[in-house]
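According to Swiss-Prot, the feature [2Fe-2S] cluster 1 binding site maps to Cys49, Cys54. Residues annotated as [2Fe-2S] cluster 2 binding site in Swiss-Prot: Cys89, Cys92, Cys133, Cys135. According to Swiss-Prot, the region 'Disordered' annotation covers 164-193. If you look up Swiss-Prot, you'll see 180-192 marked as compositional bias 'Low complexity'. Look at Swiss-Prot and you will find 256-445 tagged as domain 'FAD-binding PCMH-type'. The FAD binding site annotation in Swiss-Prot covers 284-291, 379-383, Asp392, Lys455. What Swiss-Prot records for Gln793, Phe824, Arg938, Ala1107 is Mo-molybdopterin binding site, and it gives similarity to another entry as the kind of evidence. Annotation comment: Swiss-Prot describes Glu828, Arg906 as substrate binding site, evidence class similarity to another entry. Look at Swiss-Prot and you will find Glu1281 tagged as active site, proton acceptor, backed by similarity to another entry.
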Amino acid sequence: MDALLPRSSPQLKFYLNGTPISLTSPHPRWTLLDFIRSQDGLKGTKLGCGEGGCGALSGKHVITIEGLGTVDHPHPLQERIAQLHGSQCGFCTPGIVMSLYAMIRNAYDPVTGKFQLSADDIESKGHLDGNLCRCTGYKPILNAARTFIEDDLGSVPSIVESELVGTEEETESDMGAHSGSGDTGSRSSGSCGRPGGCCKDSPGISSCSSRETDMTTPSLPDSPVLKQYDFIPYTPTTELIYPPGLAKFVPELLCYGDAEQAWVKPRSVQEALEILSQCPSATLVTGASEVQVDVRFKDFRPSVSVFVGDITEMTGISWSEDMKTLYIGGSASLSDIEAECLRCIPLLKAVNLGSESVLSAIARTLRYFAGRQIRNAACLAGNIATASPISDMNPLLLAVGATVHARTSAEETTIPMSEMFKGYRKTALPSGSLITKIAVPMPSKDQIEIVNAYKQAKRKDDDIAIVTAAFRVRIAPGPDYTVQEASLAFGGMAPTTVLAHKTASALEGKRWGDEAVLDIVLTSLGEEFNLPYSVPGGMATYRRTLTLSLFVRFWNYVNQKLGLEYDSDLIEEIHRGISTGTRDDDNPHAQRVVGQQIPHLSGLKHATGEAEYVDDMPPLHRELHGALVLSERAHAKILSVNWTPALERGAVGYVDHTSLPEEKNHWGPVVHDEPVFAKGEVHAHGQPIGLVYADDAMTAQIAAKAVIVTYEDLPAILTIDEAIEARSFFNYGKELRRGAPPEEIRKELDDCEYTLSGTTKIGGQEHFYLETNAAIAVPHTEDGSMDVWSSTQNTMETQDFLSQVTNVPRHKINARVRRMGGAFGGKESRSVPIACIVAVAAKKARRPVRIMLNRDEDMMTSGQRHPVQCRWKVGFNREGKLLVLDADTYNNAGYSVDMSAAVMDRCLTHIENCYYIPNVWLRGWVCKTNTHSNTAFRGFGAPQAMYITESIISAVAEKVGIDVDEIRRRNLYQVGQRTPFNQVLDEDWHVPLLLEQVREEADYDARKKEIERFNSEHRWRKRGIALIPTKFGISFATALHLNQASAAVRVYTDGSVLLNHGGTEMGQGLYTKMVQVAAQELRVPVDQVYTQDTSSYQTANASPTAASSGSDLNGMAIKHACDQINERLRPYREKYGEDADLGTIAKAAYRDRVNLSAAGYYKMPTIGYEWGNYSENVKPMYFYFTQRQGVACTEVELDLLTGTHTVLRADLKMDIGRSINPAIDYGQIEGAFVQGQGLFTMEESLWTRSGQLATRGPGTYKIPGFADIPQVFNSSKGIGEPPLFMGSSVLFALRDALSHARRERGVSEPLVLDSPATVERLRLAVGDDLVHRAQVQRKDGEQGFFVAVA
């Protein structure tokens, strides 16, 4: 490389939002994200997972969210996302906006001046499969995107017209929240004001072509429902996409770096080979999507990185003259390959069906390869060279006989794919070689050659494979359909991608279509892939089943092509349709402001990237960055900690348990049993040992990884079963009982006509808020006070423990939070130690200290929803009437109590759900294990409890042979009956009515009959439906002291209002709702009321924003304050008239020395339950159940061959009384449903045997995406935690589908379906012959690779 250095340049030149950038020797470890966020005013681009990479930017134009628009001058897309309620917490919104922007701009045809965009393009082409949102349920985002569909491609779908709702009254001036609307004429003329530049600032430059076209999208099609939305028209030709300076850009050989790492960007293959000849171990990158994961999670540090993504010789895609070979450049993007295949399929279909088969297989495989952003950057050569055993593309390349062309400085070699893989992550590529192209042969047009490829993952879109397969078969012409040649390739079945040689040989020479031949193949595959129970990656039986199932799918596919008998269910995978749905927007209680569908007050800030989260705050003078040192053992003694290597790598200092007194080193929301810093012993993988701090975040991370900790391992308990066996419990000891006393409950069971016993398990759930835990501690050396910004739901607890660890009185600690990028309970307590740790560091360093956890750090340290196991016995009669329930319920607390006891409280009090059982004895156990400490999560133990009940109901229905809906109906609570904790269900108990309403409105009975018909006609596709009720108690249950709130309202003499309260904004729209309350009470527009942030200085002793009580508590406190002010202003309203504005009234009152500020306070009345008090006079535990009851009706379709499913329709109905803001409440119910859908079907947390969390990033832990939401999504109002359990209706609908399948196959054993109902569990529960063939027996002492801790 020395010879190249004199010819190289260290300058990286590109454009950023229209501005030329020239960087000299940038940091070689920087990603594009690192650079963008280091620039002033460019914080809209967020760190979501840290698993992507940037490649190189030389000669590119980078557009960020700030380059599209601002709050004052938003891009039409940004405005529509905000106005149509497409954001809640807003952290994901900039990324989603940019993905939509790319889709919309690419859909623009400069020749016709039209947007070639349809609903199918938006939902089915993968444009959004790399984006995740945890809050909204995706529906409003899709609605906003659909407003760009033009009339000539079909009008905006009816879903938009039915959901972009409102009344003309909402556009009046007192609805100031509609700040995005305005005079569209003035806003679309002249410069658009975009920071990235506008073409009207530079006349004559067109963004798409030299042809000037003034094309704008209509605001929306004419519709009386939509006329209130005066959206900004979209004029794409006003956007500067290609800066003129790029036309003059001359590529240079780029080389920069430091003593540890160099980054090189050659211009040609020859330059790349010269580099490799001198540095044969250099790391080649194009998208860096694989390398960056190793850098982030495996501490991989390439000494030389060579970017080959812009070498023209390697990015092309071409055909041989005879069209018999497709040549794919090694660096050609996967998106380009997909596009080329789609372009050629119709051209070749008429002349060469074999070629069409190959190209279709490639295109289909690439469609579900990662996400769109990855496909735009990643290349095929990288896929081959990394040699992943679960590669999507390698089995297909192997099956079709592709060859790899590789060059070194000395020679060019051609390697057949069949000889490429030599071992796990090892290839036959020569040292220092470069893959220049891949040759994909096409079948001869006179041959009958059929190819297809398959992939099975936990989720359809953007997921790594469990098993991949590709099959090719050549059939001899003639009526016998003799197999001349076969190739069967699999990924996920061995350390490398492999060919099933034995099976292929057994197939060759046989007659295709003969069922006996199919049996031979299946037997041979079972022998060839005989996985052990302990196979790395786990799922041994499921993976073996898939090898058989996927071949059966191919067998039927070939039969169809040959005109033989086939089953269509076995050919096509489940494909979802375009999503639709309705909302019931009748709101008879709407007032002038309260009850109106006002957009989230920060919606435009979210959509433009201007919303500021903790880590977006500008850097402070002399600020330091922290990085945690975490335990790498589940349970061990700490023998020594050597901090010296960290200091040598650039750390300024560190803190650990020696940095604060022993008595200050323990915290906990209830019991102070958790060390802030581990001392002497660690009790979980990921437990904080210390923190190093440095001048920048990257140095801090490197230094933290350099710390050497020596351990002595101790036995670890991971699962609930292990905790029960070891009697490892925290002190809890609570129970609930009704009817027969405990000593007689067993006799009552024996006296029942029927009894059943069982064990029900439900796994945990990662919060997966998009903004990880973050905090900034700012010490004030003058007086010892401290400001701490934290992403927390709980300013009071944060303040309390900050005071403890810094030894500073609470009145000198100001805990502050402006907004969170999601929380869901996960930042009620687990944010506290993060703030405490940086505060200790800030006090020691006497400088501000900042931290934002990486995704894996956050997942390892922050805890999850509690895994729960219930061991139950139930007694009932032949009519299915429940009589007795005797149950032990266990939750996995982790290594500290945190809020696990309170979670168990709610679990026990919701375990009967909506059903009256006269005799119950319920006991709770809180298990102590060596996993991270589990914590609050939306629902707080109730979803797990209600799932147990519904599982019991299903088991009872199966036992007595009565329809499960009838069993539910017969056991429903009636008005006047009492819960096991003696709370009366009064006249507001509406669940029986809601069930009947949903049954009628969802056309349930007719659909159930149609499902019976469908299932009778489809052996390998089954549909199911479920109608699930729920109730949820509102209040902080037995933490009575938390059921209070205070607020401060200050009126200024111009009529503006400052509002402070203790509630925190995490995306649930609390700030918006509270502003509405104040605006309603003080009779002002919402834009006259301002809430800056939540601060312990402004609102002392604030209860956490949790338990679905934020609006109830804080809203009433605000009303109390406003009532006081209104009473003081009453004489002035009488004097000046009811129509007088608040400014006039306030000014007059001020001159009369009237106090224009008030402190409000509210405590929730009537509650105060005492555990163990079974008298009928005991105070209620919950303030109410009414207005938070709900019913969900969900229909699914299940592919029995793979376990994949789709949600065909969901109808949700909740009684929430008088909604403050229906639009926000809709977002809550739909988002909660999708989150619940994830809990019960997809989100599976797994640990390694050593106690390390295996699912600690989006690559291994999957939450629902855009393609997972119900295809028809109908909802009525809801809010907060209660709607989450409605997501269980998906699982019970799947259970219904499985029941049909099992009855058809004669499976008589009771169906046990633990949660989550993953593709693995669903497939294996079918109980068919393929599963029996593939069954892997567990040998004595053999353990599974992963551990599920429920």
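In case you wondered, yes, glycine gets a Cβ from its N, Cα and C as well.
Regional average pLDDT for the domain 'FAD-binding PCMH-type' (256-445) in the model is 93. The Cβ of Glu828 (substrate binding site) lies under 8 Å from the Cβ of Pro669, Thr792, Gln793, Asn794, Glu797, Met899, Thr935, Ala936, Pro1104, Ala1106, each of these being in the same chain and 6 or more residues away along the sequence.
Shown are the binding-site residues Thr286, Asn383, Gln793; of these, the residue with the fewest other Cβ atoms within 10 Å is Asn383. Considering only the binding-site residues Cys89, Cys133, Arg906, Arg938, Cys379 (FAD binding site) has Cys133 as its nearest partner by CA-CA distance.
Other Cβ atoms within 10 Å of the Cβ of Cys92 ([2Fe-2S] cluster 2 binding site) number 26 in total over all chains. According to its DSSP assignment, Ala288 (FAD binding site) is coil. For the binding site of Mo-molybdopterin, formed by Gln793, Phe824, Arg938, Ala1107 according to the record, the largest Cα to Cα distance is 13 Å, rounded to a whole number.
Between the alpha carbons (Cα) of Phe824 (Mo-molybdopterin binding site) and Ala381 (FAD binding site) lies a span of roughly 41 Å. Of all the binding-site residues listed here (Cys135, Leu284, Cys379), it is Leu284 whose C-beta has the fewest other C-beta atoms within 10 angstroms. Leu284 (FAD binding site) sits 23 Å from Cys49 ([2Fe-2S] cluster 1 binding site), taking the Cα positions as reference.
The [2Fe-2S] cluster 2 site is set by Cys89, Cys92, Cys133, Cys135; from the centre of their CB atoms, other residues of the chain with a CB within 8 Å are Ser87, Gln88, Gly90, Phe91, Thr93, Leu132, Arg134, Thr136, Leu770, Gly821, Gly822, Gly1067, Gly1231. When the Cα atoms are compared, Ala381 (FAD binding site) and Arg938 (Mo-molybdopterin binding site) turn out to be 44 Å apart. The shortest Cα-Cα distance from Ala1107 (Mo-molybdopterin binding site) to any of the binding-site residues (Cys135, Thr286, Ala288) is found for Cys135. Secondary structure at Cys379 (FAD binding site), as computed by DSSP, is strand.
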